[in-house]
Amino acid sequence: MSTSETMDTKGPCHERGAKDKKPFPCETCEKVFASKRSLVAHIRVHTGEKPFVCAICREGFKTSRSLQLHERTHTGEEPFVCVTCGKTFTTQGNLGHHKRIHKDKKPFACETCEKAFASKQSLVIHIRVHTGEKPFVCETCDKVFASKQSLVIHIRVHTGEKPFVCAICCEGFITSRSLQVHERIHTGEEPFVCVTCGKAFTTQGNLGQHERIHTGEKPFVCATCGKGFIRQTNQRLHEKIHSGDREKLFVCATCGKAFARQGDKREHERIHTGEKPFVCVFCGKAFPRQSQLHEHGRIHTGEKPFVCGTCGKAFHQRSVLCQHYMVHTGEKPFICLTCGKTFTRQSDKRAHERIHTGEKPFVCATCGKAFPRRDALHEHERIHTGEKIFVCATCGKAFTRKSYLCEHGKIHTNEKPFVCGTCGKAFHQRSNLLQHNRVHTGEKPFVCLTCGKAFSWPNCLRSHEMIHTDEKPFVCAICDKAFSWQGDLRRHERTHLGERLFLCATCGKAFSWQSDLREHGKIHTVSTDNPDSGIQSQCEDLESVKEELEETSSP
């Protein structure tokens with residue numbers, strides 16, 4: 001083959017060489033170039049020489065242009081912008097491939113699965129999915145990859161290089177994609193929304209995994225036992241249990257739990273260490289995860305960006321909104337396998353299951369008392385700290401629990417939603433109704449271990465037990481008289497103060513004791529029903545007293 005023929009078959013660059021009559025052939029492969037510079041660069045393909053070295057990561061390149069493109073991975077520079085969607089690229093070629101997406105132009109089709117691609121290079125990489133070919137080998141750990149780009153990214157795992165840095169928190173990432181996803185933590189952007197439940201995600205992949213919860217799809221199956229998984233990482237982690245290949249897992253030194261990723265292990269270890277590196281600038285509260293801090297911050301700002309489309313109620317967190325939706329749908333997808341009880345939240349189901357197992361993993365550091373739920377521990381800890389964070393807006397009274405505040409609020413509204421089905425009496429609290437029902441049932445579940453006497457209420461039992469111990473903890477500040485019951489002390493104090501709190505509605509007479517008022521009320525009741533009998537009974541009482549006095553005074 002003549003030189004001119006060779007040049008005619010080499011494309012535009014070589015055609016220019018023929019036209020200008022400046023052919024530069026390669027002596028190794030006979031390829032012809034239009035310039036000596038192009039030939040010199042080409043020869044490096046055969047020699048392996050890479051004279052252009054990156055000053056940041058020391059990676060070598062055959063041409064200065066390749067080095068220039070590579071340096072953009074460190075600087076983040078993407079000067080080529082798509083005018084249709086605004087997406088940016090490091091090279092003109094990548095922008096050209098991208099534009100085919102808008103034109104739906106994908107001329108390179110896979111013969112095996114008919115999937116089409118915008119560039120031939122993308123097709124070549126895709127074909128390796130079918131062939132299993134992975135020609136790019138990591139020299140450090142021998143792991144193989146289907147594309148050179150995947151290998152380059154993987155090498156950063158060994159070198160620790162994280163060229164993509166977040167401008168807000170300075171955290172570094174191996175890939176620009178990882179940085180892009182991370183930045184959504186700061187912006188709160190969750191562009192991928194589940195059409196079934198409305199939950200949103202920062203990545204398309206996370207949305208795809210989530211949707212399998214609704215479909216029940218578990219595409220990743222263990223080859224040993226057939227167990228299916230929603231996520232491939234969980235399948236791989238599970239398979240190492242069969243192979244005994246635990247040395248490739250990241251294992252917690254405290255509890256032995258294994259993780260597929262080092263980052264997951266580090267996050268888990270904060271449970272044992274109690275480390276909470278993410279601190280709220282408003283109240284100083286600390287969190288083990290940055291995402292938790294971000295959500296917590298909305299409490300201070302009052303931001304409730306997640307609104308229920310049915311009732312308009314707004315929430316700080318999207319997850320809480322998703323749980324709220326189930327109020328309207330009645331959906332309770334989480335089932336206790338022991339008793340069949342259903343729950344709207346997985347966490348509620350897990351906490352419930354501890355009733356069956358007796359597990360109480362949350363322990364108070366002050367007194368050692370254990371609880372099945374973390375929120376129950378937090379409520380308990382306020383007993384030691386005296387913290388009362390729930391304040392009544394009407395009277396200013398504070399409470400350790402929100403439920404106590406809600407119950408207290410009914411005093412101001414006079415709301416009594418709990419009604420006795422027997423007598424119709426209403427109560428502010430359900431617990432008061434349950435105690436009241438014992439009046440009708442005669443139930444007395446609280447038994448004195450000393451004498452066997454039974455009571456309907458626990459406070460009555462506690463007061464009764466003081467009879468046996470002769471304990472009288474309630475002392476009058478005026479005369480030092482002691483009482484077993486606080487109620488007795490209060491009644492006694494009225495003798496000093498001259499208080500008469502109980503007024504007769506009929507005649508206005510006042511009494512210090514409610515029992516005296518009740519006795520007095522019988523006079524009006526008897527007089528109203530039968531005035532003569534009332535007078536007669538009073539006269540008879542006086543006669544009997546007179547006779548008794550005469551008998552005691554006679555010799």
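Backbone N, Cα and C atoms are what each Cβ position is placed from, and that goes for glycine too.
These come from TrEMBL:
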DOMAIN    80-107  domain 'C2H2-type'
DOMAIN    192-219  domain 'C2H2-type'
DOMAIN    220-247  domain 'C2H2-type'
DOMAIN    250-277  domain 'C2H2-type'
DOMAIN    278-305  domain 'C2H2-type'
DOMAIN    306-333  domain 'C2H2-type'
DOMAIN    334-361  domain 'C2H2-type'
DOMAIN    362-389  domain 'C2H2-type'
DOMAIN    390-417  domain 'C2H2-type'
DOMAIN    418-445  domain 'C2H2-type'
DOMAIN    446-473  domain 'C2H2-type'
DOMAIN    502-529  domain 'C2H2-type'
Note: vs the domain 'C2H2-type' (306-333), the recorded stretch with the largest number of Cβ pairs under 8 Å from 192-219, 362-389, 390-417 is 192-219
Given the domain 'C2H2-type' (418-445), its same-chain partners at Cβ distance under 8 Å and 6+ residues beyond its ends are 407, 410-411, 454-457
Residue counts for the domain 'C2H2-type' (362-389) under DSSP, helix then strand then coil, are 12 helix, 4 strand, 12 coil
Taking DSSP helix as H, G and I and strand as E and B, the domain 'C2H2-type' (502-529) has 16 helix, 4 strand, 8 coil
